[in-house]
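Q: The structure follows.
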Amino acid sequence: MSVVVYAPASIGNVSVGFDVLGAAVSPIDGTLLGDRVKVEAGAEAFTLKTAGRFVDKLPANPQENIVYDCWQVFARELEKKSVVLKPLTMTLEKNMPIGSGLGSSACSIVAALDALNQFHASPLDETELLALMGEMEGKISGSIHYDNVAPCYLGGVQLMLEELGIISQSVPSFDDWYWVMAYPGIKVSTAEARAILPAQYRRQDIVAHGRYLAGFIHACHTQQPELAAKMIKDVIAEPYREKLLPGFAKARSYAAAAGALATGISGSGPTLFSVCKEQAVAERVARWLEQNYVQNEEGFVHICRLDKQGSKVTGSEL
């Protein structure tokens with residue numbers, strides 16, 4: 001008995017919703033932009049194997065890997081429910097660059113916990129599992145936040161609510177939009193990207209932020225794509241973080257001139273996203289980004305759609 005779960009890349013913040021909005025994306029060409037985790041019966045309580053394009057970026061000691069932490073908290077929750085934890089072997093296929101702004105840690109966390117839950121016949125419900133995912137994300141970044149794990153697990157665009165026992169809810173989206181994702185191949189640490197933000201904001205920035213976020217959510221619910229795209233603006237993080245991203249301002253200008261609806265920083269960067277209505281525009285923007293924003297062979301550009309499914313079982317073998 002074995003199960004493999006794939007968890008897709010995600011855009012934290014989506015520019016307009018700092019720490020409260022996230023979107024899952026998948027390339028239109030079928031490329032797996034995300035991590036996979038396999039869980040199978042094992043001889044010992046826990047064994048971890050690693051594979052994938054970015055395997056060399058993982059800690060050498062399995063007990064320093066976030067997947068080990070996921071197994072520990074999952075075991076803790078099973079004990080509370082008096083469910084027996086099976087001896088198992090986990091394999092993390094690390095396809096996502098670390099520190100990329102694509103929700104790399106969320107991919108590993110979501111794939112690991114979803115696979116563990118599936119392997120044990122789903123003893124934890126969706127909300128319980130999502131709460132664990134947020135806890136694990138907090139272990140890495142220093143504070144519990146759901147703007148990557150929620151869309152990665154549940155799919156689509158997710159708005160973080162964290163009230164009445166509701167962690168997040170999905171926001172109606174525009175399924176004909178293309179999301180061009182460009183990772184330059186350099187690393188930006190989330191901690192550094194947070195440290196650069198001011199401790200206090202001017203009143204006019206707070207008012208603008210509220211208007212853009214409320215306007216975006218309203219436009220999504222009333223299905224006004226042009227208005228929604230106009231509202232994808234960031235006054236909280238982007239003005240400060242763009243100095244950490246070589247070439248971002250130039251890329252944003254090019255994308256706008258080429259016909260993109262909006263361009264922003266994915267999470268804390270360095271990946272950027274560009275929203276386009278027509279595939280021809282998306283392809284033009286993608287070509288330019290490949291030639292001008294990508295800095296080394298680790299970088300890449302993908303034309304994506306929203307991933308409405310989130311994490312999913314892809315079979316029993318990697």
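From the backbone N, Cα and C atoms, a Cβ is placed for every residue, glycine too.
What Swiss-Prot records for P97, I98, G99, S100, G101, L102, G103, S104, S105, A106, C107 is ATP binding site.
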Q: Using DSSP with the three-state reduction, classify C107 (ATP binding site) as helix, strand or coil.
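A: SS state of C107 (ATP binding site) = helix.
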Q: What residue among the binding-site residues P97, G99, G101, G103 has the most other CB atoms lying within 10 A of its CB?
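A: For the binding-site residues P97, G99, G101, G103, the Cβ with the most other Cβ atoms within 10 Å is G103.
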Q: Can you list the residues of the same chain, besides P97, I98, G99, S100, G101, L102, G103, S104, S105, A106, C107, whose Cβ falls within 8 Å of the ATP site's Cβ centroid?
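A: What remains near the Cβ centre is A9, M96, N148, G267.
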Q: If you draw a 10 Å sphere on the Cβ of S105 (ATP binding site), how many other Cβ atoms land inside?
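A: The answer is 22.
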Q: Indicate whether P97 (ATP binding site) is helix, strand or coil by DSSP.
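A: Once the DSSP labels are grouped into three classes, P97 (ATP binding site) ends up as coil.
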